[in-house]
Amino acid sequence: MKPKLVFLPFLIFITVFIEESEAVHPVVLETKLGDIRGNEFFFLSKKIRTFFGVPFAEPPVEEFRFRKPREKKQWKKLFDATKPANACFQTRDNYNTSFWGSEMWNANTQISEDCLYLNIWAPADAYNLTVMVWFFGGGFYSGSPSLSIYDGRALAATQHVIVVNINYRLGPFGFLYLDHPDAPGNMGLLDQQLALHWIRQNIVSFGGNPDKVSVFGQSAGAASIVAHLIAPGSRGLFKNAILQSGSLENTWAINSPFRAKQKSEKLLELVGCNKTTVENSMSCLRLVSPEQLSLSTWNISLTYLEFPFVIVSRDKHFFGHLDARAALREGDFNRDVNLMIGMNKDEGNYWNIYQLPQFFDKAEPPELTRHQFDNLIDSTFSIQPDIIRSAAKYIYSDPNCTDHGRKTRFYAGQMNQIVGDYFFSCDSLWLADQFFLFLQICSTPNGSLKNPPKVFVYYFTQSSSANPWPKWTGAMHGYEIEYVFGVPLSYSKIYKRREQIFSRKIMQFWASFAKNGTPRLRVLKNSEHWPEFNEHNNYRWMQLRSGSNIRPIKRRKETECQFWRRVKDTEYTAYLTQEYSSSCHINSYRILLFIPFFFIFSAF
């Protein structure tokens, strides 16, 4: 990114943080595991307590690297919980080290394999409060519960809830898979699950009600929450779930056992640990430095928006007897949870800047010709057969544009939409439909649910005046988070008044949903009534935008998402073939995709 884009430097955030901070006093709590010391201070005229770096598991180091997490043992001495949790081992985004737009997502605390800790914010008078548990995103290769954008003090102070940010292992440390006890896969999900169990057992000491736990997460965090809806061991650990721009069905979020093992074996080869037995290979791998392991993961061959180590769809410990992808289609998931599912208007722009910098890494709004647009679809979706790419070009093109050599903003905008739709939004909408479908089945006279949970859908279109990226990027992937955590209130000097008001409303929606399973404002205008996602309400969404633009809207993206759903259904058929046939090859995938797409293309 060019230096002229760096108009929101890190120093601004540091300065404002110091100005907003009040006098801090120590506070000590008794817990089942031992005494713990945190801090107490006033924020927005409310007394808040923080307990940072609280351990929920034993360190997963040395012989326990790559293995399931172990419960934290009791401690005898006073535990100091005044420093934010370590980040789990990861590489840094070196896109531009002087640009806050990328640096804000890099770990801001020590990076370590010893990282299974929580950060907790609670009102000083907390008693029997709702608990909101945050799952951070980052593609399962980066992220931290301690990023400044995830500071829970504003949410705790204004909504009178307890906020808990959990941590989990990333990359090969959390998702290496060899179908073996030494590398069982989904260790990061097991970390999350253990954190939820810890919260259920210990949050009462902090003033929380273990029966009033809700989870919310973004991107990989949202995909993780969907995994917990499926996992037998996560049942009963939370009542409500908010999924921000992510679902387990997202292509980047989940691998088949075949693909997960393929990547893991490649990593063994890259670091010289491909021994004759898994036991010997893992003994070797546990001796490799974490730095070398993290860097080597990026030498694995990946497609567009494919991440190195992610959730594996079948394993013995987290999903148990279930295949996660099949479970979503067959309704084999927890239906006793209210869901809020949403997407941002400009999900794709963030990824296009990184993946297609020659076209999108610009200060001014990018423009593309129709020829360039077609070529970018071919490269972005190169693993898809020609007929799918042709159908995508047809659906996302402008039939009135006959000059294919003229550059326009329209086609740059369509690249934003096509990447956002395929990799994020359409899977979220499918999950909303799927969840509602099975709720309807279960709430029939012969069904099992007397009071079925509710589903709500949002469409976030608000950009930020403090966003360091150019204005044309809009409401990108991840840029609703600052409003959810009340960043405009914490850093009021760099946000407009209307953005602060909007952030308060977003926090109210989120906290109301966490408390009651329904997103509501305390002072409600008629237009701000959030309709439930159902047939009676014509499956309407809630548009989230400042001013008078918080209002229900008609469902969008129907044609686009119907198309991508047919693609995903055919990919699922290929997945089944790959997993259950001993003679599968990539060519069978392409053949399976091609056969039905004559009919899919003709439908448009």
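Just so you know, glycine gets a Cβ as well, placed from its N, Cα and C.
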Record-annotated N-linked glycosylation site (source Swiss-Prot) among candidates Asn96, Asn516: Asn96
Entries of Cys88, Cys115, Asn274, Glu347, Cys426, Cys561 which, being recorded positions, have CA atoms within 10 angstroms of Cys284 (disulfide bond): Asn274
Disulfide-bonded residues compared (Cys88, Cys284, Cys426) - the one with the fewest other Cβ atoms within 10 Å: Cys284
Cβ packing number for Glu347 (active site, charge relay system), 10 Å threshold: 28
Conformational class of Cys88 (disulfide bond) under the three-state DSSP mapping: strand
Cα-nearest neighbour of Asn96 (N-linked glycosylation site) within the listed active-site residues, Ser219, Glu347, His477: His477
Using Cα positions only, nearest of the active-site residues to Cys561 (disulfide bond) (Ser219, Glu347, His477): Glu347
Fewest-neighbour residue among recorded positions, criterion Cβ within 10 Å, set Asn128, Ser219, Asn274, Asn299: Asn128
Residue with minimal Cβ packing [other Cβ atoms within 10 Å] among the glycosylation sites Asn96, Asn400: Asn400
